[in-house]
Amino acid sequence: MATNYIFVTGGVVSSLGKGIAAASLAALLEARGLNVTIMKLDPYINVDPGTMSPTQHGEVFVTQDGAETDLDLGHYERFIRTKMTKRNNFTTGKIYSEVLRKERRGDYLGATIQVIPHITNEIKARVIDGAAGYDVAIIEVGGTVGDIESLPFLEALRQLAVQVGRERTIFMHLTLVPYIPTAGEVKTKPTQHSVKELLSIGIQPDVLICRSDRMIPANERSKIALFCNVPEKAVISLKDVESIYQIPALLQSQGLDEFVCNRFHLEGKPADLSEWEQVLYRQANPTGEVTIGMVGKYVELPDAYKSVNEALKHAGLTNRLTVHIKYIDSQDVETKGTDVLKDLDGILVPGGFGYRGVEGKILTAQYARENNIPYLGICLGMQTALIEYARNVAGMKDANSSEFVKDCAYPVIGLITEWQDAEGNVEQRSENSDLGGTMRLGAQQCHLIEGSKARELYGKETIEERHRHRYEVNNTLLPQIEAAGLKVTGLSADRKLVEIIEVPNHPWFVACQFHPEFTSTPRDGHPLFAGFVKAAKENQKK
């Protein structure tokens, strides 16, 4: 069966929620029994977001196969069952890199390389490749219509729509319909101008998703339909909602999934949203609440920890609790002391890079260990917990990571120079390797030790979790730390790399080298986060 395409663009302003809208529509189509995937096309020139500042771009989401991608792919995986891969996200930088590589290799036989056709052909080829095998592929274009950067992507999609046939393509455009309090009405003119901008490059939208803080009246929807040349039933009002997980039902109530299926002549059962109804019920009917302190380096932009934030909320759903997240800059722990950690039910230290704020994370781990506060450390949060234990329990006063201090007496964390990837191939790195694309990335197997909290939570011996790091526990110094009581409860498949540590005689102190947040979903949660939030609730009873 041929793949059908839905191209999602945005207009008027950025940050309207194209990714959430695309994921919600995908969830609806999946609930009708269709096989759906989503792709994100990013117009920036970086090859991938792997080396971009978290405070500028937000979180880097890691896929099962090790791609460092846009955080929207996290939304996609939280809404649908399809796992994202390297094929689901590419940038202008990646496209140009590939075209230039082919030119140097002589693939173009001496032709003059141009945006059209060479860049647009490469974009089309990647979209077709990523969409192969699915009933519907939803392709989101980053940025706003009118941006210079996104023009090659839009031109490529215009051409693709012509080539595969308009009966197999839908252009879905998100716009802002602002409410003007002084006039007491919503204004449709920005939407009309945004559609005019699309028309100027040869694209007629088939569906308009109109973002507003309220439902758009029927008469205004009729006006938008008339002046934008779109059927009235394809003008969808998408108001602000309390939970993003309400959006699939909101789109369904206006018949968007039915419109798509009719357009593509797809037969399917009515969308079964019972799982989403259960999510919303648990969200609306909590039996208690907990406050989790997230001690990080990039807390000025919560999106830098988007998947962690969502995983905590999912754990709240699992435990029927409302989770309040208190963001604490790890540098504040250094300058103001551990008083900033008081009145927390649990403490989570997420990943990060660089020495800034690390001593604050180490102090945080010490505070949680000594005061019996439930602690979950992720990536750097595990490494700082191990450094703290080495310094204050194992007597290794100068313990540190070679990432931060090159010549410390006890480099308990060191650069991984060799590891085995998921296929069993050995990868090697040195301190001179490029920063981009050189980490231990993607899903790796982990062996859990019998009798550990981790084994109890997961309920099985072997798990698979996603990684993004280039430093690991130094095995030569590990015996000294274990002799002081620290338990290693998770190891890599070849038993060479430490994956999970636990502090014994503590209510709940678990830290992992991998990133469990990337596989947490609202429907299924994640065992580590669920166990952590449950322990935080039990901590209130003390």
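We number each residue from 1, going along the chain as drawn.
Keep in mind that glycine also has a Cβ here, set from the backbone N, Cα and C atoms.
Per Swiss-Prot, active site, nucleophile is recorded for CYS379. When other Cβ atoms within 10 Å of the Cβ of CYS379 (active site, nucleophile) are tallied across all protein chains shown, the result is 22.
Mapped onto three states, the DSSP output places HIS515 (active site) in coil. In sequence order, VAL62, SER307, GLY351, ILE378, CYS379, GLU465, ARG466, HIS467, ARG468 constitute the residues six or more apart from HIS515 (active site) in its chain with CB-CB distances below 8 Å. Per Swiss-Prot, the feature active site maps to HIS515 (among others).
Swiss-Prot lists GLU517 (among others) with the feature active site.
Annotation for LYS223 (UTP binding site): spatial neighbours THR188, criterion Cβ-Cβ under 8 Å with sequence separation of six or more. The UTP binding site feature in Swiss-Prot is assigned to SER14, LYS187, THR188, LYS189, PRO190, THR191, GLN192, LYS223.
Counting only same-chain residues six or more apart in sequence, the Cβ atoms lying under 8 angstroms from the Cβ of LYS187 (UTP binding site) belong to VAL177, PRO178, TYR179, ILE180. For SER14, ASP147, ILE148, GLU149, LYS187, THR188, LYS189, PRO190, THR191, GLN192, LYS223, the entry in Swiss-Prot reads CTP binding site, with the evidence type sequence analysis.
What Swiss-Prot lists as ATP binding site is SER15, LEU16, GLY17, LYS18, GLY19, ILE20, ASP72, LYS239, ASP240, VAL241. A helical conformation is recorded for ASP72 (ATP binding site) in the three-state DSSP classification.
The Mg(2+) binding site annotation in Swiss-Prot covers ASP72, GLU140, and the record cites sequence analysis as its basis. When secondary structure is read from DSSP and collapsed to three states, GLU140 (Mg(2+) binding site) falls in the strand class. Counting only same-chain residues at least 6 apart in sequence, those with a Cβ under 8 Å from the Cβ of GLU140 (Mg(2+) binding site) are VAL8, LYS18, GLY19, ALA22, ILE38, MET39, LYS40, LEU41, ASP72.
Positions annotated as L-glutamine binding site by Swiss-Prot, on the basis of sequence analysis: GLY352, LEU380, GLY381, MET382, GLN383, GLU403, ARG470. Secondary structure from DSSP puts ARG470 (L-glutamine binding site) in coil.
Sequence annotations record features per position, and here Swiss-Prot assigns domain 'Glutamine amidotransferase type-1' to 291-542 based on sequence analysis.
The region 'Amidoligase domain' annotation in Swiss-Prot covers 1-266.
Between the listed binding-site residues, namely SER14, GLN192, the fewest other CB atoms within 10 angstroms of a CB are found at SER14.
Here the Cβ of ASP72 (ATP binding site) has 25 other Cβ atoms within 10 Å, regardless of which shown protein chain they belong to. Here the Cα atom of GLN192 (UTP binding site) is found 53 Å from that of GLU403 (L-glutamine binding site).
In the three-state DSSP classification, GLY381 (L-glutamine binding site) falls within a helix. Shown are the binding-site residues SER15, THR188, THR191, GLN383; of these, the residue with the fewest other Cβ atoms within 10 Å is SER15.
The Cβ neighbour count for ASP240 (ATP binding site), using a 10 Å radius and every protein chain shown, is 9. Cβ neighbours within 10 Å of GLY381 (L-glutamine binding site), excluding its own Cβ and spanning all shown chains: 26. If you measure from the Cα atom of GLU517 (active site) to that of SER15 (ATP binding site), you get 23 Å.
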